[in-house]
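According to TrEMBL, the protein has these features:
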type: DOMAIN; residues: 14-75; note: domain 'PRC-barrel'
type: REGION; residues: 104-165; note: region 'Disordered'
type: COMPBIAS; residues: 122-132; note: compositional bias 'Basic and acidic residues'
type: COMPBIAS; residues: 149-165; note: compositional bias 'Basic and acidic residues'
type: DOMAIN; residues: 150-262; note: domain 'DUF2382'
type: REGION; residues: 259-289; note: region 'Disordered'
type: COMPBIAS; residues: 267-278; note: compositional bias 'Low complexity'
type: COMPBIAS; residues: 279-289; note: compositional bias 'Basic and acidic residues'
Amino acid sequence: MTIAGIDDPNVLTGAQVHGTDGDLGKVDSVYFDNATDKPEWVAVTSGLFGSHVSLVPLQQGSWDGRALTVPFDKAAIKNAPHHDPDTAISETDEADLYRHYGMDAGTTSATGRGESAVGDRSAVDDRRDRSGDAGIQGRDTSGPTTDDAMTRSEEQLRVSTERREVGKARLRKHIVTENVSTTVPVSHEEVTLEREPITETNRADALAGKDLSEETHEVTLTAERAVAGKETVPVERVKLGTETVTEQQQVDETLRKEQIEVEGTEGVDVTGDRTTTGRTDRDAGGDRR
């Protein structure tokens, strides 16, 4: 649905804004053309606590009943010319914004409206946060444009862990050569001379040959020698495993926080800090109006 087809443009307030590269923020307020009374711009808040405000044209936007879609990316929104969201858009402001978004400039200025405010926002609510530059109001979730309270915010450290790859380990085997010495027993035969007397038992063998003769008798000798042989046998298996070791690691970070100070004018007394928990203003001893 085009923006022109929306019956009540104030439904855009608080809606999510989508761009060409994702979520851009939320609609904070709607600006209407003074001449046609048609919605022409929206103030889009983004960043931490909605601290960044940018004006976005509605000319090329579309509405699906829940979210506003515009043909711009995050960089275009972030770098848009700054405009005080609590003042009307002048013709010069409008020309700068149209030039930034690459669109034809309009001919009339626009005024901002909240959900229930109609007309020039600067005329409806002239309360400002004077702690900063003149005319510049911080985008506090509860501030000058809402009530008489100011929200104090601070950065808090949130520490978590993530698992990432820090290295690789692998098993590799290679061959090494070493000298091994060992001792083994070996045996051999030696010649011994044994003499036997002639007895009735061996007499026949002794008289079997000639009476006198020359003879040669050989005996074969044997000996053992060490023979080295090698064989490959498996001896063990080695594998890689992991174990988790927990250690303490210190994280240092710089945090920012807002501090609220009370500035009293001459002749006005400023009382000390008073904290109320679960009590109304009347219970705390005063009727604030």
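Each Cβ is built from the backbone N, Cα and C atoms, and glycine gets one as well.
Bear in mind that the values here come from a model prediction, so they are computed numbers and not experimental data.
When DSSP labels each residue, the domain 'DUF2382' (150-262) comes out as 4 helix, 4 strand, 105 coil, counted as helix, strand and coil in that order. Across the range of the domain 'PRC-barrel' (14-75), the DSSP-based residue counts are 5 helix, 35 strand, 22 coil. Regional average pLDDT for the domain 'DUF2382' (150-262) in the model is 89.
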